[in-house]
Amino acid sequence: MGSPVPTGEGSPGASVATSTSPGLRAPTRRGTELVMLAFAAGIVTLALILVELNQERSLSLRILWLGLAYLGLFGAAHLAVRRWAPYADPAILPCVALLNGLGLVVIHRIDLALEGTVFPDGSTWDPVAFKQVVWTAIGLLLFAATLKFLSDHRTLARFGYTFGLVGLVALLLPGVLPGFIAPTINGAKIWLRIGPLSIQPGEFAKVLLMVFFAAFLVSKRDLFTTAGKRFLGMDLPRARDLGPLFAAWGVTVAVMVLQKDLGSSLLFFGIVLVLLYIATERAAWVVLGLGLFSGGAVIAWKLFTHVQQRVANWQDPIGRYDVVGGGYQISQSLFGLATGGIGGAGLGAGRPEMIPEANTDFITAVIGEELGFVGLAAVLLVYMVLALRGLRGAISVRDSFGKLLGGGLAFALCFQVFIIVGGVTKLIPMTGITAPFLSYGGSSLLANYILVALLLRISAAARAPQRAPKPKPQQPAIADQHTVMVERPK
Amino acid sequence: MNTPLRRVGMAMMVMIVLLLGNATWVQVINADEWRLNTYNRRVLLDEYARKRGLITVADGTVIADVKETTDRLRFLRTYNNGKVYAPVTGYLSVTYGTSGMERAENDLLNGSDDRLFARRVSALITGRDPVGGNVQLTLDSKVQQVAYDQLTAKGFTGSVVAIKPATGEILAMASTPSYDPNVLASHDSDEQASAWKQLTAKDANDPLINRATQALYPAGSTLKTIVAAAALADGKNKDTQYTAAGTIKLPQSTTDLPNFNGQPCGPGQTVSMETALAKSCNTAFAEMAGQVGANKLRRQAEKFGFNDSGLKVPLPVETSTLGPIPDDAALYQTGIGQRDVQITPLENAVVAATIANGGERMQPYLVSKILGPDLKAIDETDPDEVETAMSKDNAAALRDMMIQSEINTGGEGRNNNIQIASKTGTAEHGSDPLKTKPHAWYIAFAPAQKPEIAIAVIVEDGGDRGLGATGGKVAAPIGRAVINAYLVGR
């Protein structure tokens, strides 16, 4: 599946085979993981050195600090996996480490570019790379804690409804709260400001709601597979079973309207649709859902100027270059990508300061400019490996809830990449959303580390040898047993 | 559930492949559309990151230098004696682009010119930053300085062009009011903007225009040299008689065409071509033009360099034309350099230089040498003989008449040791010519018998003499000073 390492042991058949061989434990492949982590660390350090050389700075202590912090953090994460999920997929953590490390380097690089910039309101650029290192540390702590305290992912299914409620509240909260606590930033009302902290509850809601939907769909699976009428060769679901789909659609539209957050609503709806499809194995849901979404999108486009703006900016970014809220951002992104070309300008040699929101929404444009098409393609492939390894865990795991949750999480990761990179490269209209593990931002990073911890947990469950059944007392074969007299019923 | 999971995996791969395909389109196949977009300033900024070549005058004095800075744009363009040379060097501005030599020789100065290819490759191998090539101009620093000082001493708006007749080398090219290109090259965008606003203000009198090449004026009586040349080519000689009347009627009209102040050209009915030129008699030259005919006159003007669209020295030069000559009335007026005759100061200097060079027109040029970053000459401009405008004898005859004209011309600045051949002009313009201050012209070459310098001087709107201005009173002293500067002390 595009993975760089041979993974024969991953398939369920093989793991069953090894687990049944007495005295032979399935390989945990933690060593492989450590080697790949070291490889990722090498790439990230090289990237950092390139940035420093291109920016013509001496290799200062700060770099050493950042490099060591990186090694320490992921070394600790590796130990956590070794301790609490020894059979987890070995490729997932290195992929995450590579993406997160590259993200840190690029964020640091953008700091250098924006150093000393004075904004129109008189404020100066505040370097954020260090903050992102702290967020990474907290994220990895959460990651380790998730692995430690969640020894079996099926436990989550029991709290499905609780998670669902919390997730729903988290998703909608910024939209309904007043502006002083939920300010509108860059046109989207998706933030909660608590003291000095700004958090994006929607990022966490994504994971919480996925747990809920997986649990809900597994428990009500039979209901959804009950066929309704046949239409155009598809089994349509019964009207009364459409409830959850309509509910999801309603929430999506609410997010779009209340929070003006097109990216999140698209992501959320896509996830629900895929979960429904995996649970029911019926394409009818997808067709129906896409129909609903298209309808909703058209209506939103008709009604809301911010949707019309995004679409117009997508169609003609240059024509709307000078319009406020127009095509400036996407144009700059495309200029950067095109100027980068195949090989890129070189890390530290591009002009990320010209791309707005360079360290969040448009970070992949910076990567495309400085590392070129080659670098962007590599990043996309790492994402693909990450998502497919997650999906493989879902395919291999034995329980329905695990399959559904794992599949949903893996898809969510990939779909999010599609939405943001597609927006940045003008494949689809730009919708503000983060690039997982690359973009600057605590909420996104923490939520995604939880997501990855869950994927690791599911893959560990898939690859771990089945717990040996309780040792039964030694019994002779049935043929050797005495015949037992059964008392005749009275 | 594994079948839908696998399908979701396929969908994920399709999404990544779509992203890769689109990135290929944006970054590789269609990259130029975005890279070369005028809004994309990356290419320009990259140029600033390279050390731009120098511009020097004939004696090696640097007039456009570079200084390394600590800001975002690595190199700052600095101009020495900027106002004197600005019409030639032009400016290099991040915001407002380039002009003058900075634009005409941009590829060479920024190092992308093909002639620097070998050096670029070696820079690539040795790991040094590519550096631009240097441009050495034909300008004579002394002549240029005097030309500029003469124009600015009395605050004139105008231009001086000096050419070496034998080669076409441009020895001086001054245009006033001038500007300091340093402020436009500033890396401080506010300084740039305020300077730009000032320089382009309505009452600033277009300092950014190089009047020598970009401004078109009525030629006035200086065109009589061309009319005389046409008549000589037509078999006339300096003794051919023309009307001496103070005023004649334009053919098929009731409009008068008077001499200056309406005085007769001589005591008799007729006057010789020599006297007519020396006294600049309009009536005689109107008649002369009428006899020569529009076609021959136009052909003669073309031989002197009129209608040469696309002339580059390498600054682009506006095309001088006689304008439409629909009837004899128009021909009469054209014969005295009015009507629709339009000429650049550079072209008028070429006319003088061509007569001086025995009728051979040399291509005027500003760049004598192209030097590599190591100051080795890469390319040298060879004088280029464009065409024979007059026979040697006719040129000598015209020269003799122009010597008489110089003797007849008033004004200051004569040097009795230097014999000058010249023709003045007092060009009327505007919708009410009699109430509009005329432009003062002076074209000349010296020493008359063995010319080393040919010049054209124009002072717009009468200089300091208002309505009473004449070429002799206003422009001739400037021309003589420039000639003296070149010839005296050599």
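Backbone N, Cα and C define each Cβ position, glycine as well.
Some features that TrEMBL has for this protein:
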| type | residues | note |
| --- | --- | --- |
| REGION | A:1-27 | region 'Disordered' |
| REGION | A:466-490 | region 'Disordered' |
| TRANSMEM | A:34-51 | transmembrane segment |
| TRANSMEM | A:63-81 | transmembrane segment |
| TRANSMEM | A:128-147 | transmembrane segment |
| TRANSMEM | A:159-181 | transmembrane segment |
| TRANSMEM | A:201-218 | transmembrane segment |
| TRANSMEM | A:262-278 | transmembrane segment |
| TRANSMEM | A:285-304 | transmembrane segment |
| TRANSMEM | A:371-392 | transmembrane segment |
| TRANSMEM | A:404-425 | transmembrane segment |
| TRANSMEM | A:437-458 | transmembrane segment |
So which of A:128-147, A:201-218, A:262-278, A:285-304, A:404-425 is most in touch with the transmembrane segment (A:159-181), counting Cβ pairs under 8 Å?
A:201-218
Chain residues outside the transmembrane segment (A:262-278) and at least six past its termini with a C-beta under 8 angstroms from it
171, 190, 202, 206, 209-210, 213-214, 217, 224, 244-245, 248-249, 251-253, 255-256, 285-286, 289-290, 293, 306-307, 310, 403-404, 407-408, 411-412, 415-416, 419-420, 423, 429, 431-433
Based on Cβ pairs under 8 Å, which of the stretches A:34-51, A:63-81, A:128-147, A:371-392, A:404-425 lies most in contact with the transmembrane segment (A:437-458)?
A:128-147
With Cβ distances under 8 Å as the criterion, find the stretch in A:34-51, A:128-147, A:285-304, A:371-392, A:404-425 that has the most pairs with the transmembrane segment (A:63-81).
A:128-147
